[in-house]
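Database features, via TrEMBL:
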REGION    1-28  region 'Disordered'
COMPBIAS  18-27  compositional bias 'Basic and acidic residues'
TRANSMEM  88-106  transmembrane segment
DOMAIN    95-321  domain 'Ion transport'
TRANSMEM  165-187  transmembrane segment
TRANSMEM  223-246  transmembrane segment
TRANSMEM  294-318  transmembrane segment
TRANSMEM  439-457  transmembrane segment
DOMAIN    441-691  domain 'Ion transport'
TRANSMEM  469-492  transmembrane segment
TRANSMEM  579-598  transmembrane segment
TRANSMEM  633-649  transmembrane segment
TRANSMEM  669-688  transmembrane segment
Amino acid sequence: MESEPLLTGSINYGSHPDNNDHLEKGSPKTRRLSYSVAAEYCCVGGGDVDLYLQQAVVFIEDAIQYRSINHRVDTNSLRLYRWYYSRLWQWGLGLTIAVVLMLAFIERPSSFSYTSDPRFRPPPWEPPCGLTEGIEIVCLIIFAIDLTTKSYLIGWDEFRKCKWLIVYILAVSASVIDWTLTLSMYCDQNLRVRRLIRPFFLLQNSSLMKKTLKCIKRTLPEIASVILLLALHLCLFTMIGMLLFAKGENPKHNGEWETYFRDLPTSLSSLLVLLTTANNPDVMIPAYSLNRGYSIFFILFSGFGTYFLMNLLTAIIYNQFRGYLLMSVQASILRRRLGVRAAFEVMSCQGRSQDATHSEEHRVRVDASLQVMARVQMKSYYRQAIIKRLQQLSDGCIQWEAFRGLFDELDKDRIKEHPPKPEYNSPLLLKLQLVFSHYYVMIVGNAVALANTILVLDSEKSIAERDDYYMEVINCFFILYYLMEMSLKILAFGWRGYLSYRNNIFDGLLTFCLLQCEIEYTFVLCGCPRNPASRGLMSLWEMVRLVNMLIVVRFLRIIPDIKLMALVASTLVDLVKNLRAFAGILVVIGSCFVRIHYSVMSNSSMENITINFTMECGSYEQLGYWPNNFDDFASSLVLLYNIMVVNNWQVFMDAYTRYTTEWSKVYFVSWWLTSSVMWVNLFVALILENFIYKWDRSVTCSVADVERTGYETTVQLMFREQIQEPTEEELVTQLHQHPHLHLS
């Protein structure tokens, strides 16, 4: 995932005061980049040579991380810039954001209780006044330092153009003011604005989250027509339903009207829930039991709305998301090319002399490039690939096209070379090495794991009903086989070769766990008998279940050996990596909805309504949904997740409508639209793009190739083949717009 850029705007270079007037005479769009520079500009001393190299290092790091190069480029600023993007500061900033978000679980109402059910929940621990406030002010100070550093590095002119930083100032200032008010009221403040602001700190620290948010913003107008059509569809069938199921003279035939179509709000909510299929077929049963023809109404409504309009909405969201993300990736590629070009220009300036010829001015020295690459912070295998290509150059200088081509290595897959197998002199060891490094050994091992898994099928028996002797013998046989397999693989591949395969590490760890559990299990049965249900470190029955679970989990070793399954598994792993932005967006939105509930419906706690209630069938009370409430932050998040899943979400909406106000339906419907319709569909779009990208690249690969190739699927790589390379004119124009470093 790309790192956070200081800016996403336009770009320019380290100024020389005598050249500013000259640069202002022409338009940036019409100026050409001249390589004929003044003698005092490029005939530099040793200190300035080091500055040029340091600038090149930073620009290449910006290119690798898709960052903007719009920042100060003097020596002290570059030192501060690299410290700011160091792993220590970025991890510290991420930890600070996590801490300030986790405060919601500690603050009143605290989530520190073993259950969220108000019928059984003991009084939760409440922090004393000043504890969470003290932690929070430390976090706000760190945010202020972060804001100050960013603002200084980009300069005042660029700061005014960045809306995110302006909002950042307002967020920190408002939080400090609200924090001061809280302390002045001795923590007795009901409405705390800063709690609503906290998710912004997570949002502004991730460029991909910003892109996703912009994508959602730009997608909304595009799907407005489908939303309007969906609303029209809902209103039309609501009016038809109210006329079709009107109140009649016979009370026995009014079940549909009384339950689902009593008035306009009830009718709308009933059909809206049917659109999500959460109350199907309950909503049609009273009418369907009277006349089977009534089913046509509900089938037409859900068929057209759920299967046509909702899927059309998914298709439009996916298409718009993909189009906007493609534009965003195009901008990221431009930043990468611009960073590389900026490094080339600085290094070529460092190598020029007063009497340099025109052809010499278009080159950089290979030795200078090697010095720069040795100082750049990047993944070691990419550094080694670039340095290897540099060392293969016979000429002492390199031109722009060749220099740019060096960084194509960043877009290539990492091919993992396993360590060479150990060499043995013994013929027996050589034969064992040949046999146990063969692919068929994996197949035999998978068959044994499958057979071991089948034996777990009798796990429904209690310990007293199981034949301990035979089961112990069988389990010992399988564990001995696993140990033998592991030992012979280590013999065949060597320690380093064995550990270079992830499935071997997985097998080895589970084998040791199985061996330890089996030894203790045997010791308990033979040497120190005890009641199976007795409590020690682990009861005997729990130990048996743990062994069985480890056996089942070990069968997952078959995944890398089946190409399609390995592809799906690697897609899931990449989703976890790329899901941070989408999960962050959901955390931000969910936190805001929880805070909105506390602000608007603060009297909707279920704690005071657990005694006097009606046990209507299918209601919140009858289903025992008491743990799903808004009594604290943790239970609120679980409740919002349950609504996002949409199964029985009408039960929560009905309960809070009865205990609060009809307007609470707007709250629940808004969350459903935001989470289940918008966010889930964006998530589906990411899954589709990720899987299609991996599928296209692995069609011609074997299982061994998939194992050896380290696919690092980022958003940029997924759209790489559809990206247009920026032209020379675009790069030159952007370079001339840099606010701090001007090239003549």
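Yeah, the Cβs are placed from backbone N, Cα and C, and that goes for glycine too.
Where the annotation comes from TrEMBL, it is an automatic prediction and has not been curated.
These numbers come from a predicted model, not from an experiment.
For the transmembrane segment (579-598), same-chain residues at least 6 beyond its ends with a Cβ under 8 Å from one of its own Cβ atoms are 1, 101, 104, 195-196, 198-200, 202-203, 206, 208-209, 211-213, 216, 604, 630, 633, 636-637, 640, 667, 670-671, 674-675, 679, 682-683, 686. Confidence in the domain 'Ion transport' (95-321), given as mean pLDDT, stands at 88. Touching of the transmembrane segment (669-688) and the transmembrane segment (165-187) is ruled out by the presence of fewer than three CB pairs under 8 A, sequence neighbours closer than 6 excluded. The largest share of C-beta pairs under 8 angstroms with the transmembrane segment (223-246) comes from 294-318, of the ranges 88-106, 294-318, 633-649.
Within the same chain, residues 104-105, 107, 109, 111, 116, 273, 276-278, 590, 593-594, 597, 623, 627, 668, 671-672, 675-676, 679-680 sit at least 6 positions outside the transmembrane segment (633-649) and bring their C-beta atoms closer than 8 Å to a C-beta of that stretch.
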